[in-house]
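J.: I have a structure I would like to understand better, so I am pasting it below and will then ask my questions one at a time.
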Amino acid sequence: MDAIEMQWKERLLQLDTAAISDAMDSFNINRALFGILPRVEGAKIAGPAFTVQYEALSSVPSGFQNAANYIDEVPPHAVVVVNNDGNTSCTNWGDILTRKALRQGIAGTIINGSARDIETIRKLGYPLYSKGIYMVSGKNRVRLKASNVAIEIAGVVVNPGDWIFADDNGVVVIAPENLHAVIERAENVNHTEIEIVRAIESGESLVTARQNFGYSTPWEIRNV
């Protein structure tokens, strides 16, 4: 990750996904991953996506299927984004992968599928977001189809290098070419909401505060 990307990351981590989502609404972009939930309370991550596509095995293979060997290729600061096509009947992440990811400086993991060893992952403080939690192994049930390819989760296409931002509210995906504009508008959203909260805590009505500070378009800064 270069110096400019580190700056984007730092600015994102000062925000939350709600502000980013509102900013993306202003561009008529919806790239939130519906149904992917945080599994480690208080985690917040931002970084470029390293994408992984799994496929189900229709029969028990004759040899062991090393589905997770992609992990050695993931660079530091990246976010692993695994697509098991929403299948939660077997796991795609657990204790061993978590320890390897921490060792490599990987930012966190998003799974359109299930994870296990949740207690250990929480103790380790590793940022994990998944559709499900389930203890059944993925060994010989799924295999790696491809890595660093475009994948689709909850109707959202995630490309390698797209920026992933996730917190306690969920996960959003930002195209690199939109990152600067989205962050700027999200910072404006934060400013607007701070002013509205300050006004109502000073006794102003919610209606007046929202009108004064432009709640309907919070990404626009107004001088009141």
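Here the Cβ of each residue, glycine as well, is placed from N, Cα and C on the backbone.
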J.: To which of Arg116, Arg122 does TrEMBL also attribute binding of substrate at the site defined by Gly94, Asp95, Ile96, Leu97?
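T.: Answer per TrEMBL: Arg116.
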J.: Within 10 Å of the Cβ of Ile96 (substrate binding site), how many other Cβ atoms can be counted across all chains shown?
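T.: Total other Cβ atoms inside 10 Å, all chains included: 12.
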J.: To the nearest whole angstrom, what is the C-alpha distance linking Asp117 (Mg(2+) binding site) and Gly94 (substrate binding site)?
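T.: The Cα atom of Asp117 (Mg(2+) binding site) is 5 Å away from the Cα atom of Gly94 (substrate binding site).
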J.: With the substrate site defined by the record as Gly94, Asp95, Ile96, Leu97, Arg116, how many Å span the farthest pair of C-alpha atoms?
T.: 11
J.: Give me the count of other Cβ atoms within 10 A of the Cβ belonging to Gly94 (substrate binding site).
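T.: I count 19 other Cβ atoms within 10 Å of it.
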J.: Around the substrate site formed by Gly94, Asp95, Ile96, Leu97, Arg116, which additional residues qualify by having Cβ within 8 Å of the site's Cβ center?
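T.: Apart from Gly94, Asp95, Ile96, Leu97, Arg116, the close residues are Thr91, Trp93, Thr98, Arg99, Ala115, Asp117, Thr120, Ile121.
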